[in-house]
Each structure stands twice: as structure tokens, then as C-alpha cells.
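Engineer: This structure is in C-alpha cells; I'll ask about it shortly.
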Amino acid sequence: MQKGTQMTDEQYMRRAIELAKRGMGYTSPNPMVGAVIVKDGRIIGEGWHERYGELHAERNALKHCKESPQGADMYVTLEPCCHHGKQPPCVEAVIEAGIKRVYVGSDDPNPLVAGGGIKILKEHGIEVVTQVLKDECDRLNDVFFYFIQTRRPYVAMKYAMTMDGKIATYSGLSKWITGEKAREHVQNLRHRYKAIMAGIGTVLADDPLLTCRIEGGVNPIRIICDTHLKLPLESQIVNTAKEVPTIVAVSERYHETAQSEALPDTEKDSIEENNNYQKNRKITRLEENGIEILYVAEKNGHIDLNDLMQKLGERSIDSILLEGGGILNWSALKSGIVNKVYAYIAPKLFGGADAKTPIEGMGTDSPAHAVMLGNSKVTKLGDDFLIESDVVNI
Ligand code: AOF
Ligand code: ZN
């Protein structure tokens, strides 16, 4: 910015977007929101929604004003709220501060707001300009918009593959496919998304931790899809479950087992009772280790992912990074729960008919029935490429 040149409305809004992003990973299930206050062509206050439950962006920007906001303009990435939640309504603060004009990016689809904020501002004689950099502001909160309207988590499928579409060599080796920069990017996703989900196959094969390894990063809640309770007690997941919240989704058929009285060894007289007894003991052990067991309906011998999404939504889990193996990835696509795909592509070739690919299962029978992706964006990360796309036909 040259001294003396005034910034445009879009530039102020872009600044507000930048500020909003500082809340990434900390505001869930609230949106990321940024606000800038401008007087006589100068920014006099900035703020963002820093953490769930704390001040909203508008109040933070007002709090940080270096001079009176009377008669100033405010640029805010989301429609100011008008309801009492964990925080009082932002519109009241905006009105009391004497703000003259408000530039808004996204509308707030929260039924408690939904146009109400803008209406109140206008009723108080404040000029409101809507849809400033709307697309960019909307993009910031894909997760919030989906969750507030469906109460189900927004799911992003992530995988890393070679240019010939392999996620491991035929011998099963996968360390490493992509380089450091791409792997660091994945760590940022683990910080950003509320939960991370993997299938039991991945846990048995790799014994992963599924944590976020960036400084100051937040660990995602770990969700393991484990229909038949195969998770080993000695796995890293179990050993760290007291520090990292972990949910193991199992078939609801084990619910009864868990509730039934455990039989002492000597009294077991059938294979089924013995089996139930073992499952029961395992559930107790897992719970003692800090794991939450979530009982989910079964569909075709697997966890019903739609039922799982419903239950996770009820626990305020608004977003999931799916780092599944090929089978879980296909089930997720087929169940229609996937909203976005992050494909990290390394410029190398593994070959091999038996080398695993990111999405396995049955697959589609005809190109006409493909899962269609759109809004694609390509980013170069070192020697690798990231293609991120929205699933458009779920
Ligand atoms: C704003 N500015 O910075 C945010 C807004 O429980 P509360 O009080 O934190 O309210 C959460 C709701 O407020 C959330 O669902 C969304 O509609 C709105 N978030 N609004 O004006 C902000 N974070
Ligand atoms: Zn608010």
C-alpha cells in the first residue's frame, strides 16, 4: 500500500478475511469472522472471532479501536448477529458505537440471524452494503454453512498418491509419497478440521497417531470406524486416548453385549456367550483408556455412515477430515457424506496392478455415473500438487 492511496472496499474486506483466518481451528462450531473499522480512509480498529464462546469479530474490532468509531465504516465478513447466544448481539454494539455504514460479505444462514441482523441495522439508520467479496467470504465458512443447515459434519476426503494413482507400492510401502511441504499442509488440515476419521484397516496396517504435529495446533478428535471392535488395546490410538479425544464407532449389536452382565469364565458355556464376554471386556478396557464407544447402525456389514454422521453432528462435530483407506473412502462416497476432496499428487510413478489406490470398493460402472467434482483449485507444494475440489453431485 502506497502512503496516501486509499484502500478500496474490496481491499478492506480482504483484510477482514485475512483477520478471520486467524481464528482457524479455534472457532468451531462457530464461523470464522473478521472485522475492520475505517474512518477517514484509515483503519482505526481490527478484530476477529478468536475462539468459540468468546467475543465476536465486531466487538473485538470495536474494543481495539484507537479512536472513536463514531461515524466510521465497518467491514465484516459475515452478517452481524442479532441474537443472544454465548455472546450478546453484535448489532447492539455496532449501533451503540455510532457506526455509520456496514459492509457485509456473507449472509448468516443461522436461523436465529438469517437477515435479521441487517434488518435491525437498517432500522437504526445504518447504511448496509451486502455481498462485498461474497464468494471469498462464503468460502471461508464452507463448514459452518453446511453444519448450521444440516447439523451434520462437513466431510473432506484427503489422500496422497503418485501420478499413476497409487497410495502405496505393491509391497505396501507408502512412506513417503509426497514431500515435506505437502505433508505440512496436511498437518494444517488436521488443525483446521474438528475431527479426523480413519477405518480400522488403516489402524491395523499403520498403527497411526492421527494427531496434529504443528506447534500450537489443535488435535482433531479421532474417529475410528471399527464395526467389529478389532482395535488392538496396544495400539498407539488406545495408548494416547487419555490425551487425545477418541471415538470408536462400532456396530450397535455390541450395545446389548456391553449392557449384559459379564459372565465369569467358568460359567461360559457357548461360543456366543464367550464372544460376548470378550467384547464386553474389551469395551470396558477401551473406555477405561478414555475412548468413547459410539454404537452405530449397521448397513451391509459395515457402520452405516449416515447414522454415524447424524450422531457426530449431535456431538457438535462440524467437520471431519477423512483419512480413510480405499474401502472406507468408497463407502463414504457411496453414502453421499463427502463434501470435498483434497488430492495431493506426487510427480512419481509406482506401477503395479496390486498397488493400492485411494478409492477402492466396487467403484462406478460407467463414466456417466462418476462422482462429479467442481470448483477445483490447484496449488503447488514443493514438487507436489494439491487439487482441492467440491463434490457436486451428492
Ligand atoms: C457475528 N460475528 O464473529 C460470529 C458470529 O453463541 P454465540 O453468541 O457465539 O453465537 C454464535 C452464532 O453467531 C453463530 O452460529 C453465527 O450465527 C454467529 N457468529 N456472528 O456477528 C462473529 N462468530
Ligand atoms: Zn455477533
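Keep in mind that glycine also has a Cβ here, set from the backbone N, Cα and C atoms.
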Engineer: Can you tell which of ARG151, ARG152, ARG190 TrEMBL lists as binding substrate with SER174, ASP206, LEU210, ARG213, GLU323?
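Structural biologist: Candidate listed by TrEMBL for the same site: ARG190.
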Engineer: Just to be sure I read the record right: CYS81, CYS90 are listed as binding Zn(2+) in TrEMBL. Which of HIS56, HIS64 is listed for the same site?
Structural biologist: HIS56
Engineer: Go through the binding-site residues CYS90, GLU323, GLY325, ASN329, SER331 and tell me which ones have a CA within 10 A of the CA of GLU58 (active site, proton donor).
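Structural biologist: Of everything listed, what lies within 10 Å of GLU58 (active site, proton donor) (Cα to Cα) is CYS90.
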Engineer: Select the most exposed residue of CYS81, ALA160, LEU210, ILE327, where exposure means the fewest other Cβ atoms within 10 Å, treating these as the binding-site residues.
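Structural biologist: Sparsest of the binding-site residues CYS81, ALA160, LEU210, ILE327 by Cβ contacts within 10 Å: ILE327.
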Engineer: In the same chain, outside HIS56, CYS81, CYS90, whose C-beta lies within 8 angstroms of the Cβ mean position for the Zn(2+) site?
Structural biologist: VAL33, ALA57, GLU58, ARG59, PRO80, CYS82, GLN87, PRO89, VAL91, ALA93, GLY117
Engineer: Greatest CA-CA distance (Å) over the residues SER174, ARG190, ASP206, LEU210, ARG213, GLU323 that the record ties to substrate?
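Structural biologist: Looking at SER174, ARG190, ASP206, LEU210, ARG213, GLU323 as a set, their Cα atoms extend up to 19 Å apart.
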